[in-house]
Amino acid sequence: MVKRNHKYQSGEGAQYMTRKAAMRKLQLSMQDFRRLCILKGIYPREPKHRVIAQRGSTDIKILYHRKDITFLLHEPIVWTLRDRKIFNRRIAHARAKGNNLLKNVRMANYPEIKLDHIIKERFPTFIDAIKELDDCMTLLFLFSTFPAMKVVTREITSLARRLTIEFMHYVIASKALRKVFVSIKGYYFQAEIKGELVTWIVPHYYPFQPQRKEYVDFKIMKSFADFFTVMAGFVNYRLYNSINMVYPPQFTVSIDSEESRNNEETFVSERIAALNMDLLRSDRQGTEEEDEEIDLKLLDNDKDSEQVRKMHEEALSLSKLKNLFKGLKFFINREVPREPLVFIIRCFGGKVSWDKHLFVGSTFDETDESITHQIVDRPSLTKQYISRDYVQPQWIFDSVNQRKLLPTNKYFIGAVLPPHLSPFNRDDAIYVPPEEAAMQAGDEFEKQERAEGISDDEDEDFGMEEARKQVQLDYALVKAFREEKAEALNSGEAKKEQAEEDNEDDDQEPDQEETKKQRSEKKQKMAVVSGRVFKENPKEQKQLTKQEEALRAKMVKSRHKKLYRNLLDKQKKATKEANLLREKRQQIDKQKRKEQTQKRKAQRKEILA
């Protein structure tokens, strides 16, 4: 008998299952199912044909792959979650009876979820874990600012605070910071760890405001935080061992004291004081710098290829960036946000301090004569020292992004600051601000000058060698010619050669006359004609581009047409955004010019009055 194929028993109808069916199969509640999916990294899928995947149903349902759900059946955490459900029922039963002793016993034996095996499963190698550090650190920095709540307990927030400070200390010790940026969301940082770029956000410190459940679900965030705390612990341990630092680090300042739990200012000051101290190492310092010097020497030996030259330039700029603030001492005024500045200055070899009467962790006073820069964010200052520069905080961020110490005259107290440009711009960006374009042009000019200087030196050396070789060859030819001539005279052949040369000169005379005639005829034909400028018609160019795009669209295969349309829509959207930014910039410049003219007119009136 022929086997009949029933509907939805194969293909997409059999590959997907709804969330309700998945929960029924795993015997878990909605909360436990969500938590399990977050911990295991399983997310809903979008099928190609939703109606077939939903077995004829036209409603939009949350679908999961059947293989993912069968994979979850073998997870040990499922049994832990089921045991927790039983314990919750028993604890509620003991509470209802009023038996506090039994309730405490059952709460002490409450099953804990262990995530070590999930970390090893999701990140087989250490580099895989570093690639996922972006979201991990962003969430932990956010949780470190939270107070104790019903869902987010004190244990999670204190653990997040400790892990973030440990990670920042690693970045300081390894000098891994590369880019910084200040935005409305917070402070963007980018570090290079084991060859991978890690970007995270540190939020601004604002008083915590309770959020509605419709806007923020703290239970889901807590599930992510549970996973990321375990992951960050593993990563920090490996990172500290890689640079021979003792883990866990011992801080002289208490990070999570009782006073900091009640007062936000003491918490922030303790956190910053912990950043402004050196940690114990298991070996001598400075091994990494020696290794970098050896690598630069190796690159110096082979500068022939362009790729090696670029690598050499990048290595030199990185070595300068790592010691950007080396030998400089900074003093931060009380109105300046200290945490990002302390972190940045210490990452690049600088020393930093603040007022010891206001905050803990100060290393030197304001009266210290060796201070080179004082960071101020106020319009004026009563007492100033001649031996130091007074700059605004933006000078630190811009110097790091441009990888050089910028002139301080644009960042003095009360000065109108230049625009704070983002270092995370892509190379294929359509709109580039004029300040950034000017900065890029200046960098390219500097690179060209360096390249020309290197090429000139190489050309001079090459020219000297060529001149020496040519002199040697000329001397050898003259010597050989003299020897041959002497031999010919001795053998009596010199007379015959002279007669042959005379005959050749007679034959060459008519040929020279013909060439002279040809040259004179060519000169008569040559003339200078005034050139005409060719003007392109913009309408014709636009029409040609439209025709080319239409032909290109016809050449696209039918299965790729949807993707091609999406690419065109994306390109149109990008150009539209770029045009809007240009118009906005033009309006701002117009407004500035208008204000300047009004100011000049007012000044003239005052002078005339």
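Just so it is clear, glycine is given a Cβ too, placed from its N, Cα and C backbone atoms.
Residues or ranges marked as compositional bias 'Basic and acidic residues' by TrEMBL: 444-453 (among others).
Look at TrEMBL and you will find 488-498 (among others) tagged as compositional bias 'Basic and acidic residues'.
What TrEMBL records for 499-512 is compositional bias 'Acidic residues'.
Tertiary proximity for the compositional bias 'Basic and acidic residues' (513-524), restricted to same-chain residues at least six positions away from its ends with a CB under 8 Å from its CB atoms, involves no residues. The compositional bias 'Basic and acidic residues' feature in TrEMBL is assigned to 513-524 (among others).
Residues annotated as compositional bias 'Basic and acidic residues' in TrEMBL: 533-552 (among others). The helix, strand and coil residue counts that DSSP assigns across the compositional bias 'Basic and acidic residues' (533-552) are 15 helix, 0 strand, 5 coil.
According to TrEMBL, the compositional bias 'Basic residues' annotation covers 554-564.
Note on the compositional bias 'Basic and acidic residues' (567-609): residues 429-431, 433-434 of its chain, located 6 or more positions outside it, place their CB under 8 angstroms from a CB of the stretch. Look at TrEMBL and you will find 567-609 (among others) tagged as compositional bias 'Basic and acidic residues'.
What TrEMBL records for 443-462 (among others) is region 'Disordered'.
The region 'Disordered' feature in TrEMBL is assigned to 488-609 (among others).
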Subject >> Per-state residue totals over the compositional bias 'Basic residues' (554-564) - DSSP helix, strand, coil >> reply: 9 helix, 0 strand, 2 coil
**OP:** Pull the DSSP breakdown for the compositional bias 'Basic and acidic residues' (513-524) and write it out as helix, strand, coil residue counts.
**Re:** 12 helix, 0 strand, 0 coil
